[in-house]
């Protein structure tokens, strides 16, 4: 069981990555917090008068893990977890085990249909808790909504063209970023709807964006072949990431926030240092446009999807391709890891989705039932359910182990282009994008 405990343990900084402190640097543990998805413990500590945070990731934790042995291994690896804290850590891990044993078996029902915008939606996004969500639109606005009441809280106006890319700064959820075809990105207050900054510098449409985990930077990707990093506090451009020869359509930070990945129509994916803007390496191997590019939680692997009908797994340390995931008969439109990084899901224009094991690289199961291309796929936080959105006007919920379709979410009158779970996995939002007089966002609540 000791070997399993060692495998479970992965200590990483949740703020900026730093090395171990010297003996002269005093660190004082202030509090321990649980993180359910993926399982882990957050440590708040004081160092040199500053409050910092780091996490102990327990990605392999399961209900049968020997908690005493695991706590011993944690104490050996993490100086902040002293003997006096061992009982508290044991209780936290036992609570995590209990949570992991509670499988999500929600049956979803249609909760609200919101007449969101007078022109098509481009995207939808939930905050971490699911208490509110945002919609972007061709009407040049982003709207903020209260999930429970369906009340419109704010209309974020100011862009001069389509609002295409939108995001909350989760887990904080107090800011919103919007990227537009007007070549600008705007930063907004969730509380007041006020625009803090307008980021100018791109020479073509902004089509993707992402906050770093610390919510100090927002990154934008553009049709001008560049990505830019912006300082949230000052509103100034920090770096321009140049090197792609075609549009950047996918962009995300890794969990620690020290690296950023960009996927391009030039068939390549590039990894950059977020602190310096330096190119680390370029992933070359796909023979068509990139559709998605993401890190797994522990930042050891990168998953890329392409219009060449394949996904590839890459070693995030050296940039080497370790596997090519095949089987689809048409373009890969979306791909993702589950929270722990154990499973991979792929969605294709061939109307099917597949689940692969990240360890064996083998296809675990095939999801069949949609009658049109699948443009979006995501795991619930518990990792036992998958959500897909399709051009057949439905979203479906699947068992991630068996591939069985558990529920068909119907009601849309056009293709579903965006869908997502909230952090608890008990709320789903779906959006459609037909050019129509009124477009809808559907909210489904688990029971």
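Just so it is clear, glycine is given a Cβ too, placed from its N, Cα and C backbone atoms.
Marked as repeat 'WD' by TrEMBL: 114-155 (among others).
Tertiary neighbourhood of the repeat 'WD' (156-198): same-chain residues 122-129, 132, 134-138, 140-144, 204-211, 215, 218, 220, 222, 224, 230, 232, 235, 423, selected by CB-CB distance under 8 Å and a gap of 6+ residues from either end. Annotation source TrEMBL lists repeat 'WD' at 156-198 (among others).
Residues annotated as repeat 'WD' in TrEMBL: 199-240 (among others). This prediction places the mean pLDDT of the repeat 'WD' (199-240) at 98.
The repeat 'WD' feature in TrEMBL is assigned to 241-282 (among others). The helix, strand and coil residue counts that DSSP assigns across the repeat 'WD' (241-282) are 0 helix, 22 strand, 20 coil.
What TrEMBL records for 283-324 (among others) is repeat 'WD'. Helix first, then strand, then coil: DSSP counts for the repeat 'WD' (283-324) stand at 0 helix, 22 strand, 20 coil.
Positions annotated as repeat 'WD' by TrEMBL: 325-366 (among others). For the repeat 'WD' (325-366), same-chain residues at least 6 beyond its ends with a Cβ under 8 Å from one of its own Cβ atoms are 37-39, 59-60, 288, 291-292, 294, 296-298, 300-301, 303-313, 372-379, 381, 383, 386, 388, 390, 392, 398, 400-403.
Taken from TrEMBL, the feature repeat 'WD' applies to 367-408 (among others). Per DSSP, the secondary structure of the repeat 'WD' (367-408) breaks down as 0 helix, 22 strand, 20 coil.
Note on the repeat 'WD' (367-408): residues 36-37, 103-104, 106-108, 330, 333-340, 342-343, 345-355, 414-421, 423-425, 428, 430, 432 of its chain, located 6 or more positions outside it, place their CB under 8 angstroms from a CB of the stretch.
Residue counts for the repeat 'WD' (199-240) by DSSP state, with H, G and I taken as helix and E and B as strand, are 0 helix, 22 strand, 20 coil. With helix defined as DSSP H, G or I and strand as E or B, the repeat 'WD' (156-198) counts 0 helix, 22 strand, 21 coil.
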